[in-house]
Amino acid sequence: MTVAIGFEGSANKLGVGIVRYTSPDTWDILANVRHTYITPPGEGFLPRDTAAHHRSWAVKLTKQALKEAGLSVADVDVVCYTKGPGMGAPLVSTAVVARTLALLWNKPIIAVNHCVAHIEMGRMITGARNPVVLYVSGGNTQVIAYSHKRYRIFGETIDIAIGNCLDRFARVINLPNDPAPGYNIEQYAKRGTTLLDLPYTVKGMDVSFSGLLTQIELLAGSLADEADGEAASSSSGPPVAAPFAGAQPSKTPTPSTTPATKTTATATATPNPNPVTKPNLCFSLQETAFAMLVETTERAMAHVGATEVLVVGGVGCNQRLQDMMGDMARQRGGTVYAADERFCIDNGLMIAVAGVLMYASGHETALEDTWCTQRYRTDEVLVTWRDD
Amino acid sequence: MPDELPPYQLSLSIPYPTPRHAEIVRRVLSVDKEHSQDMIKRRLRSEGNVLVAEFDAWDVKKLRTTVGFFTELAALATETIVEFDGEGERGADGTGDVAMKE
């Protein structure tokens, strides 16, 4: 039995998790606490401020996690932390707490790859054995399959991550970052009725979202501002379908020289004089971007002959993405596995889980090697804990 | 460039209750290397119970940001030590258990 504590702080979530590991099939989750640095609508999170957030919460969260687990540091066998990839200053701030605890209590320390941690957390929670993994978050978009002791990247974004695309669009239309920009886009998308034409960019196994973002930002420029913006964001009740349809005064799409005019014309079938509404934009963004992800994931499944697909990362808790992936998997006679936000979104437990697997298979990181790195590819890690 | 004497120098002395604590913080903070080492150099050592950090800088703005981040991290390591060193003993009389706020 090994008790591991994990520290995650590579982006705007600070998480501390504790797991008791007995065997690859026997785990106890003892604690998994998290605090998110939430910026005002329209603003992203900057490294400096995010690091300050982590420093001010690290000790509090660690105490809370130990309290929930009913343990003291003395009961912990191994300390795990995120080495990367992620934002430098937040990573280092979190690592400092992990190092200090390890030295104070003379515990071994394990440097964990954030992406590998997402995969191992997903496998542990869902029971998926050897899935094709779609890892989708604010900083990463990768289609991954395991082969010969590596998590190999079959396809990935060639520019921005899907979550970054969603976050930035949420900023453009001023959606709150609380609880998460992607969550708020998902709620708006439920009320969308018209699919607006957006660039669909799949290049071989890779995807691209920057053109999609540019185009939808242009479209958002012709949003009917007052009614769409304020009425929608202040109605916190259950989503209702119709309030925008037909209620718009007919507006001329603003940038008449841009492709925006052309694309809005594709929605002529609807009675709505201006189909460019926040719900339709969110809906179209999700449908287009997620279809790209499902396509590349399906190709990876066909290539490796897999029937399981596991969706991890913050965007992985999007219900629409899970449903689209489920439709695809079912048509192939396969299964989609996904976790809820406690385990999908960055958390400390996933670092503890991956770390304890590494520790159990002989890893240990020397203190002088516990530095952090902003770039750390998923396939750099030798997966010593899997024998298949 | 570091041919001549650095135009800016700063020395910090941070005393800890014991040499062990000073040495732990030194080891924790020694791991991360400074970026742009042609602009700033950092030396860390512990002298008894005192952690000594010396900075040589060729750019005053770089010195300010580096020292700022360094002191924040030193404060965090110190806070961690204060909260968790000898946690078991303190837990017995309840003083190690501070209620969560927020």
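Backbone N, Cα and C atoms are what each Cβ position is placed from, and that goes for glycine too.
Since we're looking at a predicted model, the values are computed, not measured.
The divalent metal cation site in TrEMBL is built from A:His114, A:His118, A:Tyr135 plus one of A:Asp340, A:Asp346, A:Asp369, namely A:Asp346. Site annotation for substrate in TrEMBL covers A:Tyr135, A:Val136, A:Ser137, A:Gly138, A:Gly139, A:Asp167, A:Gly182, A:Glu186, and the matching candidate from A:Asn32, A:Asn318 is A:Asn318. Taking the Cβ of A:Gly182 (substrate binding site) as reference, residues of its chain lying under 8 Å away and at least six apart in sequence are, in sequence order, A:Gly163, A:Leu166, A:Asp167, A:Ala170, A:Gly314, A:Val315, A:Asn318. When secondary structure is read from DSSP and collapsed to three states, A:Tyr135 (divalent metal cation binding site) falls in the strand class. The Cβ of A:Asp346 (divalent metal cation binding site) lies under 8 Å from the Cβ of A:Glu8, A:Ser10, A:Ala11, A:Lys13, A:Gly15, A:Arg34, A:His114, A:Ser137, A:Gly314, each on the same chain and at least six residues away in sequence. Counted over all residue pairs in A:Tyr135, A:Val136, A:Ser137, A:Gly138, A:Gly139, A:Asp167, A:Gly182, A:Glu186, A:Asn318, the record's binders of substrate, the longest Cα to Cα distance measures 18 angstrom. DSSP classifies A:His114 (divalent metal cation binding site) as helix under the three-state reduction. According to DSSP, A:Asn318 (substrate binding site) sits in a coil region rather than a helix or strand.
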